[in-house]
């Protein structure tokens, strides 16, 4: 529940910030009449992401067992790529995102008689990017943790992001976005490492990967996945009490370079924004 909550809080807050920045810029430049058009783009993006998520989830439920495992592995790999890209992309562009959005709004509203649709599509693509990232991560998370709690956590995270977005827009709160994205990004890298190890496990169960399947270690006597804390670790970080050598290797092969890249100072002009 906690991982879907955090991911949807982060992704939802990114989308809310995009919408808030666009709406504020439209009002500040005496173009508030276009805010309604902006919301059309937001709703279209939300509908696309929701529809795609439902379609993929319902379709894959009919797959045979091996194909289901293969699909789970592919989705996990896609989720790892998206989460990693999300972490480092936000780290790179967060300082300039406001200027980029304002320039995109100006460009959209200068396109002759079709500027309304241009604004709709600009907002649509900006919000849909965040939503599609969430779709693939949630598909991977729901496959690892079956039950009502992951969807509930995702909905609570999204609802919290919406509330925070409105408060930021109205000026009711100031949030240190630099610290928020820094610490959630670090957490997400550990989540992605667990997904990468889970992908190898899924490919083995699908019959595609049968190398290095010896048990690396057995922690069942110390931290069983049947215990409360073990269950939480499994749901959040993909913890396995008796992982294979290949799972442990993939976990380290992904996480160590990712952490090194993360702790290195960003290049000039790519530091995180401090607050909004």
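Cβ coordinates are placed from backbone N, Cα and C, and glycine is handled just like the others.
The topological domain 'Cytoplasmic' feature in Swiss-Prot is assigned to 23-34 (among others). Using a Cβ-Cβ cut-off under 8 Å and counting only residues 6 or more beyond its ends in the same chain, the topological domain 'Cytoplasmic' (23-34) has close neighbours at 101-102, 105, 109, 116, 119, 169.
According to Swiss-Prot, the feature topological domain 'Periplasmic' maps to 56-69 (among others), an assignment based on sequence analysis.
According to Swiss-Prot, the feature topological domain 'Cytoplasmic' maps to 91-118 (among others), an assignment based on sequence analysis. As a whole-number mean, the pLDDT of the topological domain 'Cytoplasmic' (91-118) in this prediction is 75.
Residues annotated as topological domain 'Periplasmic' in Swiss-Prot, with sequence analysis given as evidence: 140-147 (among others).
Summarising the annotation, Swiss-Prot assigns topological domain 'Cytoplasmic' to 169-179 (among others) and lists sequence analysis as the type of evidence.
When Cβ-Cβ distances below 8 Å are used as the criterion, the topological domain 'Periplasmic' (201-244) is approached by residues 1-3, 66-67, 69-70, 72-73, 76, 144-145, 150, 190-191, 193-195, 251 of the same chain, each at least six residues removed from its ends. Per Swiss-Prot, topological domain 'Periplasmic' is recorded for 201-244 (among others).
What Swiss-Prot records for 266-276 (among others) is topological domain 'Cytoplasmic', and it gives sequence analysis as the kind of evidence.
According to Swiss-Prot, the transmembrane segment annotation covers 2-22 (among others), on the basis of sequence analysis. Using a Cβ-Cβ cut-off under 8 Å and counting only residues 6 or more beyond its ends in the same chain, the transmembrane segment (2-22) has close neighbours at 38, 42, 86, 90, 97-98, 101-102, 105, 123, 126-127, 130-131, 133-134, 137-138, 141-142, 150-151, 153-158, 160-162, 164-166, 168-169, 177, 180-181, 184, 187-188, 191, 232, 235-236, 276.
Residues or ranges marked as transmembrane segment in Swiss-Prot: 35-55 (among others).
The transmembrane segment annotation in Swiss-Prot covers 70-90 (among others). Counting same-chain residues at least six beyond the ends of the transmembrane segment (70-90), those with a Cβ under 8 angstroms from any Cβ of the stretch are 11, 14, 60, 63, 133, 136-137, 139-141, 143, 181, 185, 188-189, 191-192, 195-196, 198-200, 202-203, 206, 208, 254, 258, 261-262, 272.
The feature transmembrane segment is assigned by Swiss-Prot to 119-139 (among others), with sequence analysis given as support. Here the transmembrane segment (119-139) has long-range neighbours at 4, 7-8, 11-12, 14-15, 18-19, 22, 34, 37-38, 40-42, 44-46, 48-49, 52-53, 56-57, 75, 78-79, 82-83, 86, 101, 104-105, 107-109, 150, 154, meaning same-chain residues at least 6 beyond its ends whose C-beta is under 8 angstroms from one of its own.
Within the chain, the transmembrane segment (148-168) has long-range Cβ neighbours (under 8 A, six or more residues past its boundaries) at 1-13, 15-17, 19-20, 134, 138, 141-142, 175, 235, 276. Among the features that Swiss-Prot reports, transmembrane segment is placed at 148-168 (among others).
Look at Swiss-Prot and you will find 180-200 (among others) tagged as transmembrane segment.
Among the features that Swiss-Prot reports, transmembrane segment is placed at 245-265 (among others).
Counting residues 6+ beyond its ends, the transmembrane segment (35-55) has Cβ neighbours under 8 Å at 19, 22-23, 26-27, 116, 119-128, 131-132, 134-135, 138-139 in the same chain.
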